[in-house]
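As recorded in TrEMBL, the features of this protein are as follows:
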type	residues	note
REGION	1-47	region 'Disordered'
COMPBIAS	1-15	compositional bias 'Basic and acidic residues'
DOMAIN	77-210	domain 'SLC41A/MgtE integral membrane'
TRANSMEM	119-142	transmembrane segment
TRANSMEM	154-181	transmembrane segment
TRANSMEM	193-216	transmembrane segment
TRANSMEM	223-243	transmembrane segment
TRANSMEM	255-274	transmembrane segment
TRANSMEM	286-305	transmembrane segment
DOMAIN	291-433	domain 'SLC41A/MgtE integral membrane'
TRANSMEM	348-367	transmembrane segment
TRANSMEM	379-396	transmembrane segment
TRANSMEM	416-436	transmembrane segment
Amino acid sequence: MDGTEARQRRPEELGLPHTLSTGQLPAAPEDGTLSVPEGPRVAPKPLGTELSRETALSIGLQDWPVFVEVKDLLTLVPPLVGLKGNLEMTLASRLSTAANMGHLDEPQEQHRVISSNLALIQVQATVVGLLAAGAALLLGAVSRQELDLTTAEVLCASSVLAAFLAAFALGVLMVCIVIGARKLGVNPDNIATPIAASLGDLITLSLLAFVSSFFYKHRDSRYLTPLVCGGFAALTPLWVLIARQSPPVLKVLKFGWVPIVLAMVISSFGGLILNKTVSSQQYKGMAVFAPIVCGVGGNLVAIQTSRVSTYLHVWSMPGVLPLWMKKLWPDPCSTFCTSEVNSTSARVLLLLAAPGHLLFFYIVCLVEGPTVPNDKTFVVLYLLAGLVQVTILLYLAEVAVRLTWHQALDPDSHCIPYLTGLGDLLGTGLLALCFLSHGLLMGGISGPVPGPS
C-alpha cells in the first residue's frame, strides 16, 4: 500500500465486525427493536483487551510518525544500516589485523593508525549517508512514480547526520575494544567485529529515528537540511588530510569505494523487498524478523572473513596464497569438513546459527506475542532460511578472501562489504520466501479462508 493507503487499514484486519465496515447499522424490524441475528454469540471484548494487543512496533511507529509519513525511510533502513555496518566492521577488522600484527603496540604507531582510521570512516560515513539516501529516493520514485523535494531533503539530512554520529561513537568504541582485547590477550577478531555489527545496527537505527523525527518536525525550515548536508560535506577535506597519514588507509580511501557502493546497491534490493512486503497481511511480522536474520548472518560471516584475513596476513604476503589454500574456488567440503583452522571456525559459526536464531525467536515471541507467527511449521521454515543464508555466506567468505588476497587486495576492506550486503539481500529474500511458504502450507492445511461478503 502506498501514499495515503499506508495509513488506512481494512476493518476486518483490525478485528472489527463486517457490519461496521460498511458504515451502516443493521436494519431494525418494524416494531422498532433491534434483534440479534441468529448464530453463535460472541462476548464483547473489553477495551483493555484491544489496548493489550499493541505491539512494540506499533507503539514505536506511533511515537515516530515520520516512519509512517515518509515511507522511503523504511527503504533507507537496510542500505544505511548495512553500509554503516560495513564501515564499522571493516574498521574493526583492520584494527584487529593491525593488533595481531603488533602494529598497535608502539604508542606513536598506535596513534597514527587509530587517527587515520577514524578520519577514514568519517569520510566514508558522509558519502555513505548521501548514497544511501539517494538509493532510497531512487527506489521510492521508481516504485511510486513520484518524488517529493521536502521528503528528499529530510531523508538526506537524516541519513548524513545519523551516519556521521554513529561513525564517531562506534569508531571510538571499536578502538577501545581492540586495544583492550590486545592487552587482555584475547583475539580481537572474535569479539570486535560482531560487537561492531550488533551495536552499529542499534545505534544507527536509534539515531536515524530521532534525527529524522527532528528534521520532519522542522521540515518547514527552508535552510536547515541544506545547511546540515553542506556543513558535513565541508568537513570532508579535513578528514582526508588526517587519513593520509597512513599509507594503507590512504589506499583504502582511494580504492575502497567500489565494494561499499556495490554493497549499497545489493542491500537496497533487500530494502525494496522489505518495503513491498511489510504492509501485507501475509507477511505480518517480517519487519521484526528481518533485522535479526540479516544481523546474525552478517555477524557470522564478518567474523569468519576477519579471521581468514588475519590468517593470511600472518602466514603469507599479499598476492601469494599458502600452498594449502592455492585453490581459488574450494569445494564446500573443504570449507566445512576438514581439520584446517579456518574450516573449524566455519563449522563452529554454522553451529552457532541455529541456537542464536532460536534465542532471538523466543525473545521476539515474548515481546510481540501473537502478532507474529510462532507455530512449529514457521519455526522450521525460519531456521531453514537462517541456516541456508549462513551456509552460503560462510562458503562465499572463503572464496572471496582467497580471490581478494590473490589480487593483492586487503580482504578486511574489500570482502566484508560485499558479503554483508549479500547477507542482507539473502536474508530478506529467504525470509520473504519463508513467510510465503508458511502462508501456502497453512492455507492448504486449514483450507481457503472465505472473503467478506
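Heads up, the Cβ atoms here are built off N, Cα and C, so glycines get one too.
Unlike curated entries, TrEMBL annotations are predicted automatically.
With DSSP classes pooled into helix, strand and coil, the tally for the domain 'SLC41A/MgtE integral membrane' (77-210) is 120 helix, 0 strand, 14 coil. With a threshold of 8 Å between CB atoms, the same-chain residues lying at least 6 positions outside the transmembrane segment (379-396) that come near it are 289, 293, 296-297, 300-301, 304, 332, 335-336, 346, 349-350, 353-354, 357-358, 361, 419, 422-423, 426-427, 430-431, 433-434, 437-438. Look at the domain 'SLC41A/MgtE integral membrane' (291-433): DSSP puts its residues at 118 helix, 2 strand, 23 coil.
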